[in-house]
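Everything below concerns the one structure shown next.
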Amino acid sequence: MEAENHTALSQFLLLGLSDDPKLQPFLFGLFLSMYLVTVLGNLLIILAVSSDTHLHTPMYFFLSNLFLVDICFISTTVPKMLVNIHTQSKDISYIECLTQTYFFTIFMTFSIGTEIPHFFCELAELLKVTISDTFINNLFVYVATALLGVFPVTGILYSYSQIISSLLRMSSVKKKYKAFSTCGSHLCVVSLFCGTALGVYLSSALTHSSQESSIASVLYTVVTPMLNPFIYSLRNKDMKGALGRLLGTASSRP
């Protein structure tokens, strides 16, 4: 019987953020808008950096990689959600689901017709519905969360403490205010991403509130990739100049 369940499983059911039919058009429009803003915003900045030789420096190279990662990151979750809302379907294939949660989950087994109370196959939620022993998986999640979350956050906080210490020694009040404003916006986005992501995975074993987990996941999977282009471009004179030249060149073409 167990072997039959393993071979018969062909899909999961993503329950999404809400079962209310009246909310579905709103959710579709909201997430479609956020997805388009994220992809177009990040892509526009990548094009601006690649087309302006003044921005061919290590800093902008790594920023371009960040924007590319944001496009790939949001594209693994939101398009499937939009398709499900549009077609009024909740299914996601076994391969699609495990692709979203990466390959190390491929040896977990599930019962037929498993429902996932989320808008994408998030690992924390997927582990809650497995019928296999998840001790090793949960241990891996906590170790990975510590290595990829806690330690980098500690490094970021230490770096910002050194930056703030240097800013306090600046004599120019105008430059000091501008630097604090820029660093503050960066730190807010980093805190939003790391705080919600760490909260979801570290609390997964302590709470079964899927609704709260889904809302928190929206913040680090959708909102932060959308905010990054604005944070790293609107306060950067070189980036704004490159964007202006790119758009000017595009509009002048016949």
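Using the three backbone atoms N, Cα and C, a Cβ is placed for every residue, glycine included.
Features of the protein shown, as given by TrEMBL:
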| type | residues | note |
| --- | --- | --- |
| DOMAIN | 41-112 | domain 'G-protein coupled receptors family 1 profile' |
| DOMAIN | 121-232 | domain 'G-protein coupled receptors family 1 profile' |
| TRANSMEM | 26-48 | transmembrane segment |
| TRANSMEM | 60-82 | transmembrane segment |
| TRANSMEM | 102-120 | transmembrane segment |
| TRANSMEM | 140-158 | transmembrane segment |
| TRANSMEM | 179-202 | transmembrane segment |
| TRANSMEM | 214-234 | transmembrane segment |
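Taking H, G and I as helix, E and B as strand and the rest as coil, DSSP gives the domain 'G-protein coupled receptors family 1 profile' (121-232) the counts 93 helix, 1 strand, 18 coil. Same-chain residues lying 6+ beyond the ends of the transmembrane segment (140-158) with a Cβ under 8 Å from its Cβ atoms: 104, 123-124, 127, 190, 194, 197-198, 201-202, 204. Listed as Cβ neighbours of the transmembrane segment (60-82) (distance under 8 Å, sequence separation of 6 or more from its ends, same chain) are residues 14, 16, 28, 31-32, 34-35, 38-39, 42-43, 45-46, 49-50, 92, 96, 99-100, 119-120, 221-222, 224-226, 228-229, 232, 239. Confidence over the domain 'G-protein coupled receptors family 1 profile' (121-232), given as mean pLDDT on the 0 to 100 scale, stands at 76.
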